[in-house]
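Okay, here's the structure, questions in a sec.
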Amino acid sequence: MDVANKSVSEFVLLGLSNSWELQLFFFMVFSSFYVATMVGNSLIVIMVVADSHLHSPMYFLLTNLSIIDMSLASFATPKMITDYLTGHKTISFDGCITQIFFLHLFTGTEIILLMAMSLDRYIAICKPLRYASIISPWVCVALVVASWVVGVMHSMSQVLFALTLPFCGPNEVDSFFCDLPVVFQLACVDTYVLGLFMISTSGIIALSCFMLLFNSYIIILVTIKHHSSKGSYKALSTCTAHFIVVFMFFGPCIFIYMWPLNSFLIDKILSVFYTIFTPILNPIIYTLRNQEVRTAMRKLKNRLLNPNKTTPLHYF
């Protein structure tokens, strides 16, 4: 790390508001969301691991999505919550770079994993007879490993770029965590060029992946439309849940990174959305819309309440 670029030793996180009343409100709301996110996603992981009926590629990918969502919710939210209590809203230079690394690691990994889930649904619905041979357990593991590898590579590119920026004066980050769109505006260089870098490395990538996902789901929906069976209705419900997660995740990311010089207020709202609200959508959407998950949840509940009683399972 170039010491000359580290004349600023720490940054001040301005957060979402200076009002004590609003800070108290945010503390209660975000604490509740964080706990719900961790509990909800943990339940999904436990249910998939414990229930052999959920040992399928779709639920394996869903489990990994839950793990990423818990990680995404944890890289900055706990610090923000404790900052509201302690009033200590500074973060070291190294801590800021670490937040940038983990943010792009988890978002980059989730982008690739969502594409893997889209591929899984595409093969299951459009090529059902070849599904077992194409989406094997080893393929699922390879897709998850690939998503993490891509996430690490993307994150390292963002961190290496941030480490080359000279910070020589302003150190107030107008957000509750460090991310390049707000941090690079504190650098002592022309932000126009940096904005182009943000658009090319994050914005265009996110937009391109979203368009690929959108087209794949259109193909899936067209395929489902030609069937009227109960299985087609189930497939439609599953794909609708998948697309809701995709849209809620990609929307804010595309807006922030395609227009890195937009309003700080809008950036704050969208940042809260995809780091705090979006991670909880996964357990809510999949639990409320998926009969197999609800059945597994009832089974897990009965097992915990009646540990000595074996309850026969019935899947319809």
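Every residue, even glycine, has its Cβ placed from backbone N, Cα and C.
So TrEMBL has the following annotated:
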type     : residues : note
TRANSMEM : 24-46    : transmembrane segment
DOMAIN   : 40-286   : domain 'G-protein coupled receptors family 1 profile'
TRANSMEM : 58-77    : transmembrane segment
TRANSMEM : 97-119   : transmembrane segment
TRANSMEM : 131-150  : transmembrane segment
TRANSMEM : 192-214  : transmembrane segment
TRANSMEM : 235-257  : transmembrane segment
TRANSMEM : 269-288  : transmembrane segment
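A description of the local structural setting of each listed feature is requested, covering burial, neighbours and distances.
Only residues 6 or more beyond the boundaries of the transmembrane segment (131-150), in the same chain, are considered here, and those with a CB under 8 A from a CB of the stretch are 57, 60-61, 64, 108-110, 112-113, 116, 119-120, 123-124.
Same-chain residues lying 6 or more positions outside the transmembrane segment (269-288) and placing a CB less than 8 Å from one of its CB atoms are 16, 30, 33-34, 36-37, 40-41, 43-44, 62, 65-66, 69-70, 72-73, 75-77, 103, 107, 175-177, 179, 241, 244-245, 248-249, 252-253, 255-256, 294, 297.
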What same-chain residues lie close to the transmembrane segment (24-46): Cβ under 8 Å, and 6 or more beyond its ends?
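Cβ under 8 Å, 6 or more out: 16-17, 62-63, 66-67, 69-70, 73-74, 77-78, 80-81, 84-85, 276-277, 279-280, 282-284, 286-287, 293, 297, 300.
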Who are the long-range neighbours of the transmembrane segment (235-257) in its own chain, taking Cβ under 8 Å and residues 6 or more past its ends?
58, 65, 107, 110-111, 114, 117-118, 121, 124-125, 181, 198-199, 202-203, 206-207, 209-210, 213-214, 217, 220-221, 224, 266-267, 270-271, 273-274, 277-278, 281-282, 285-286, 289-290
